[in-house]
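The heme binding site feature in Swiss-Prot is assigned to Cys36. Summarising the annotation, Swiss-Prot assigns N-linked glycosylation site to Asn100, Asn137, Asn141, Asn220.
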Amino acid sequence: VPGGLXPPPEYVGPKLVNDADHPWEPLRPGDIRGPCPGLNTLASHGYLPRNGVATPAQIINAIVEGFNFNYEGAVFVTYFAHIVDGNLVTDLLSIGGKTNLTGEDTGAPAIIGGLNTHSVFEGDASMTRDDFHFGDNHSFNQTLFDQFVEYSNTYGGGFYNQEVAGHLRRRRIEQSIATNPEFDFTSPRFFTAFAESSFPYSFFVDGRITERPGGLSMENATLFFRDHKMPDDFWRNVNGEMTFTGTPDPNSAPSNLALGH
């Protein structure tokens with residue numbers, strides 16, 4: 001069925017994904033982006049509709065094809081987000097803010113607010129987005145990204161990896177506790193925050209790199225987080241999460257409940 005959910009892929013190895021069929025394009029007026037750099041990047045490369053509004057099937061197909069995300073994990077996290085943030089009548093979800101492109105509101109208790117909706121998919125203490133309390137929980141924050149770079153230089157030798165993730169996750173929680181009187185880190189945010197921390201070094205590193213004691217370079221991190229852009233000639237990773245030492249764990253991907261923040 002055109003636009004329907006594709007079956008689990010037979011091939012789950014690395015392959016070129018920044019290809020001629022998926023060129024990066026700059027945002028057009030009205031295009032929607034949100035707190036998730038992974039989905040933002042997939043939309044800017046045409047794996048998702050470039051306007052940022054998609055069906056759950058399109059999102060699942062995109063993250064499986066573009067990032068080699070575990071199929072069962074992709075189904076779980078996408079429908080989890082769609083049930084709370086999407087329009088179940090039109091079967092459309094905004095990867096950013098509320099928009100009439102998803103159709104008319106159906107009334108309470110439905111939110112239909114898109115992934116920007118606070119304390120559902122999106123949450124406090126993001127690595128590169130400000131807390132909801134401060135007014136913008138979805139736009140790239142250069143100050144926070146500078147801290148991301150600082151911690152990557154200090155603890156990762158210029159790369160973002162598992163070691164950096166632990167230090168930075170603790171720092172962002174401490175910052176939110178100290179500055180945000182409405183700080184909320186209850187479920188599901190407790191789980192998505194730590195999944196968010198692991199996604200960049202698992203899926204934003206070229207899949208042809210079989211030994212990766214370094215992790216995600218700052219040049220490529222800037223492309224994904226700020227520009228929603230894959231590096232030139234980028235190959236997706238092997239199926240499953242990549243650990244700090246470069247060993248693939250095919251059973252870990254279902255635990256990734258977010259595509260990075």
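Keep in mind that glycine also has a Cβ here, set from the backbone N, Cα and C atoms.
Sequence features annotated in Swiss-Prot and their locations in the structure.
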| residue | record | DSSP class |
| --- | --- | --- |
| Cys36 | heme binding site | coil |
| Asn100 | N-linked glycosylation site | helix |
| Asn137 | N-linked glycosylation site | coil |
| Asn220 | N-linked glycosylation site | helix |
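Considering only the glycosylation sites Asn100, Asn137, Asn220, the Cβ with the fewest other Cβ atoms within 10 Å is that of Asn100. The Cβ of Asn141 (N-linked glycosylation site) has 20 other Cβ atoms within 10 Å, all protein chains considered. Around Cys36 (heme binding site), a 10 Å sphere centred on its CB holds 28 further CB atoms from the protein chains shown. Closest by Cα distance to Asn137 (N-linked glycosylation site), from the recorded positions Cys36, Asn100, Asn220, is Cys36.
Here the residue listed as 'heme binding site' is positioned 20 angstrom away from Asn100 (N-linked glycosylation site), judged by their C-alpha atoms.
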